[in-house]
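Engineer: My structure is below; once you've seen it, I'll send some questions.
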């Protein structure tokens, strides 16, 4: 469609005119300007919602909201074209078959072997071995080899030595979705472990011998402690409500030597609403500080992040300081359980704070243990009530930790943002489907590429210059404070305002320091070479020669950084009073102009879902988001591959 | 950029030909200037009842008046006290923390101060217009705006030396009444009527700039903390008294040492330099969106949260930049 205008999120004056293309995998907007011809690519998978707004004199507005928080506002001149685009996007953004997804057509021009190698980069067997299992206390079990016991679990799980196949099968029958207790993390130093499962089908009084034996087996696998913690990550009310449905939680009277603990993390519906409310705050026009803080508090988002973090801290402490094993579960053991286990592992083991280790962590606790990527992140069109920012929350926990411990992580913020981006992008096959079983059935590894290989190839972009493996922060357990810790949680504008470049510090300290580090390294290498030469020369001659040493002008090297300050050069619109002057020079960064909201779609009140379990889909009105101008800025990883063939949708 | 105090228009709408002439000569023929009044329009109008007021359009036709209400005095002190109390509250609830942060309104004041300074800077830089800033007395919010505007506009104010000179000029010599304003800080029960943390608000705004432009200030957070400390209690005479006249009467220059002299010493100076500093000749325009303004943890959580990990990070940055 030609003559489409792309609006800047906050300034209707700053529209650019161009042509809109729809392909099988992307929406592409190409600017008309002769020199720049800037392109904006958006993957259909990233599209979260499309809104057709009321036609105005200038055309028909279309608002596209993305799962990576990019917001794009287009104005299409003809109503008919707009309608066509709208209908097409609706269909394209809601694929019905996996084959429609980008990963099946994405072609990075690698051969079959490279593709295979890419998938082998993360090897979970290696990981369990690194942890120290199998050993005297833990064994690998193939009881689930054909997914016969639990179809959302991997084929290979680690269980205590004393857990026979009979016990495992019996326990699985007593657990929601058959997700029996299995090993997530083993601590070599003191034999304490983190195990995970789903809720027991205990109702009010049901018991299962094998399940009780399973927990005993976990306890016995840690001779250093005579009890285990059982942590239910749900609020007590939810768990109790589940009892009425024949599920529930472990009764301390029935299970010998357990200490039971609730750590109330809310369910997926509450989290979905929380994120939505927070994004609404982000879309406010010229909010005051009070509007923002009030909106942030009202969303409850940081409160939930802290709850997940606190749970991880509790478990890490239990393992590291008390030497006690922990069994973690929620309802189905694939959301909050995954979050909490991976946070705890990250705190405990510095390996997971390396780039490779982090990939391994996600593969282990999220991918292999059957987190429902498809349902949660909408690979395919499905039930909107299954959508929830579960892994987003985990990723944010990691970011919050990085802010508190800047030297402790080998990777940087960009790494996290790109991972989040690709969880939704479906450009790679790692995060498709709901389980290992489904992925194998679809032959994902033979037909798509691995994100990890892609990130690993570009790892220089993802390094944290402050990380040193021998630094005190990168050793051992991380101890974030709990008690007065609230105010250490920051709003992650790098993620939720990712595409609003004017909001962020215009100068990247990370990039600068990486460049410094590289240069220092190069200089040191050069110095070595020169010293060698000098030594050789002194050996072979009598020392009459002068060796010229090369001096590098450091400041010149970083001239390119000062030129980036052009971004620093554009004022926001600080005042409406100056609007009468033609004051603004066309450049990036103006985002604060007063664009009046056309309408405020009133939000319907959300029924309180806190008492429902995860199982119940329940009736829930999804709030409408208030419309606002969409801005389009180049995404760092727009998914555009220059070699890729672009074919237009028929 | 000019500063003054309010014109004594009074309820009689007095005129002063000398004042009008002065402001008239500043502008060229046909040129327009801006007056940024740091009081709300209503407050400025009410000031006439007590002998103050604003410049009426008829008498100052070339000047256009803009009002930007900036908090000062007792309400600002209350805001400060509420924030400090919120920070020391051991209550672990996130909701309560955010509620208290919001109700303290401290960050709103930071946003307002930065916005107004940016407005002044914009008038100068983008509109090529002269700007006169005043509030009531010209000793509080006026200085906040003019000093910040210069930091934004002028790279020489962002060097360590230039910043010290800016402070000397725009705060000390301009007559910010330090002795009255920085007597007790947040915890004291004494209710000094003149107590107000304008200087701290200024330092907070400078910190926000340093966070948004990490390469553009030659000095770091450490310096800002030292200045904060010394404004309230100091071994040096730099922040004593309320104006140059008092300092002269007290013979401050003859009987005390200067903070600047101490900071000039090489060993001291080293501590306060920003290892990331790269001279930036351009104007730095900060974002005043709420997401861009953060709580100055280094000051408000200074004694509450261990800074070990962040200090280590800074140490690492210094190590990297100095090339081992």
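Each Cβ is built from the backbone N, Cα and C atoms, and glycine gets one as well.
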Engineer: Examine the ranges A:513-540, A:597-624 and name the one recorded by TrEMBL as coiled coil.
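Structural biologist: Going through A:513-540, A:597-624 one by one, TrEMBL flags A:513-540 as coiled coil.
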Engineer: If you measure every Cα to Cα pair among A:267, A:268, A:330, A:331, A:332, A:333, A:334, A:335, A:336, the residues listed for substrate, what is the largest value in Å?
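Structural biologist: About 12 Å separates the two most distant Cα atoms.
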Engineer: Including all protein chains shown, what's the count of other C-beta atoms within 10 A of the C-beta of residue A:336 (substrate binding site)?
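Structural biologist: There are 29 of them.
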Engineer: Quick test of understanding: given the binding-site residues A:267, A:330, A:332, A:334, A:336, name the ones whose C-beta is under 8 angstroms from chain B.
Structural biologist: none
Engineer: Most Cβ neighbours within 10 Å: which of the binding-site residues A:330, A:332 is it?
Structural biologist: A:330
Engineer: Return the residues near residue A:334 (substrate binding site), defined as same-chain residues 6+ apart in sequence whose C-beta is under 8 angstroms from its C-beta, sorted by sequence, else 'none'.
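Structural biologist: Spatial neighbours, sequence-distant, of residue A:334 (substrate binding site): A:152, A:177, A:179, A:198, A:369, A:370, A:371, A:372.
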Engineer: Which residue counts does DSSP yield for the domain 'Tyrosine specific protein phosphatases' (A:299-343) in the helix, strand and coil classes, in that order?
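Structural biologist: Breakdown, helix to coil: 31 helix, 4 strand, 10 coil.
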Engineer: Quick one: what's DSSP say for residue A:267 (substrate binding site), helix, strand or coil?
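Structural biologist: Residue A:267 (substrate binding site) sits in coil per DSSP, no helix or strand.
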